[in-house]
Amino acid sequence: MTDIINKLQAFADANPQSIAVRHTTDELTYQQLMDESSKLAHRLQGSKKPMILFGHMSPYMIVGMIGAIKAGCGYVPVDTSIPEDRIKMIINKVQPEFVFNTTDESFESLAGEVFTIEDIKTSQDPVIFDSQIKDNDTVYTIFTSGSTGEPKGVQIEYASLVQFTEWMLELNKSGNEQQWLNQAPFSFDLSVMAIYPCLASGGTLNLVDKNMINKPKLLNEMLTATPINIWVSTPSFMEMCLLLPTLNEEQYGSLNEFFFCGEILPHRAAKALVSRFPSATIYNTYGPTEATVAVTSIQITQEILDQYPTLPVGVERPGARLSTTDEGELVIEGQSVSLGYLKNDQKTAEVFNFDDGIRTYHTGDKAKFENGQWFIQGRIDFQIKLNGYRMELEEIETQLRQSEFVKEAIVVPVYKNDKVIHLIGAIVPTTEVTDNAEMTKNIKNDLKSRLPEYMIPRKFEWMEQLPLTSNGKIDRKKIAEVING
């Protein structure tokens, strides 16, 4: 595959009435997707700045993506859940010529001409448009959190997206024209893992409604109505869905492939999924936004579960060469690496290198290569110092999850005068806690055999489930707010 757009057009010509994208009761066929995106592309033609794509889980968000790619300008997805001040920061940074508002609400942009869905539907522009995108053009820019509070716009080139899509289709064992499930909002690059491999293989992209993110029963209704074949989500979202006793192979026999990315896949969750879907293909993948979604993968089997108490993230893919610094920081090199941060030379220079035409990115993740597999060992910036000891919060969390009494865990440092004074563990227990002191004692006894005393949390807070962000990741900030009152 050398071009995603040509691939989509060829499938649309051969199968015009096949459903390309579905969200609740809204659907677009491949013919509609290509026609509407062409009309949008005519309006964007000649623009040298990325289009702001505003909305949530709407089929017309996909129209916006394909239209912006055809026009060659690329897009910046902005989710409706993002705070207004952050939206303003993004628009100020991008200074777009065009904004595509896919919501029913008015959207006043600080810059750029605003189009609506109705504008495109009623447009008399031609439904044929020859794609203008080039391999080295920026296809999308996704804004991630910045340490200074200002979001950073990660620019990904078209050739990187094409290469990633090809790799995903090589991993995919389910074949073409499958029903894919996408959990992630479009401002989160995990969504790329579902969108382009699905459409490039003639599949139907099924979008999880935002109301389902913390309500697995609503997802159950969706899965019952639509026989999903391929599931793409964060591990945390899948763990929440495992609260449904009906989520198993017997109930959903069509569900035969899972892709996870965005955060660590806990061993306990993977074990439960393998048990419930013994015939399914399950992939654990790893990658930062700055390296086009994912750069490693491993198929999780019972053999892998038995061999590794902490799951590896697998081996590198084409376009990504992995290594570590002397301090253990993971470095990614190759075509998968981003073009840098939009209009932020200082931050780009801190973590990217483009010498001799080779792109490298320092991830900030600690990693090791062992037994032919890569392992992620936490974030460098998740290190804290307590009583003179430097430690990794994620190491403590990993050991907590090994306890028979712990289903899920997050460790929160408690500060006083900008100094960490002790640790608290937010715990989802495997059984109901009837005796707080006894449960605390049991968990601490488990930890004492694996961690030094100074790394053991002083106390634990019990939670029914860990809250998730709109991206489907564990919401560490909210947990800290709850614990610190």
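Cβ coordinates are placed from backbone N, Cα and C, and glycine is handled just like the others.
From a predicted model like this one, the values you see are computed outputs, not experimental measurements.
Some features that Swiss-Prot has for this protein:
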- Thr144, Ser145, Asn284, Thr285, Tyr286, Gly287, Pro288, Thr289, Asp365, Lys473: ATP binding site (BINDING)
- Asp189, Val293, Lys473: D-alanine binding site (BINDING)
Worksheet item: Cα within 10 Å of Asp189 (D-alanine binding site): which of the binding-site residues Asn284, Tyr286, Pro288, Asp365 qualify?
Response: Pro288
Worksheet item: To test your reading of the D-alanine site: which residues beyond Asp189, Val293, Lys473, same chain only, put their Cβ within 8 Å of the Cβ centroid of those residues?
Response: Ala184, Phe188, Leu190, Ser191, Val192, Met193, Cys261, Gly262, Gly287, Thr289, Asn471
Worksheet item: What three-state class does DSSP give Lys473 (D-alanine binding site)?
Response: coil
Item to complete: Would you measure the largest Cα separation among Thr144, Ser145, Asn284, Thr285, Tyr286, Gly287, Pro288, Thr289, Asp365, Lys473 for the ATP site and round it to whole Å?
Response: 24
Fill in: Residue, out of the binding-site residues Asp189, Asp365, whose Cβ gathers the largest set of other Cβ atoms within 10 Å
Asp189
Worksheet entry | Most distant Cα pair in Å, residues Asp189, Val293, Lys473 binding D-alanine | 15
Response to the item:
The rounded CA-CA distance in Å from Asn284 (ATP binding site) to Val293 (D-alanine binding site) is 13
Worksheet entry | Among Thr144, Tyr286, Asp365, which are recorded as binding-site residues, the nearest neighbour of Val293 (D-alanine binding site) by Cα | Tyr286
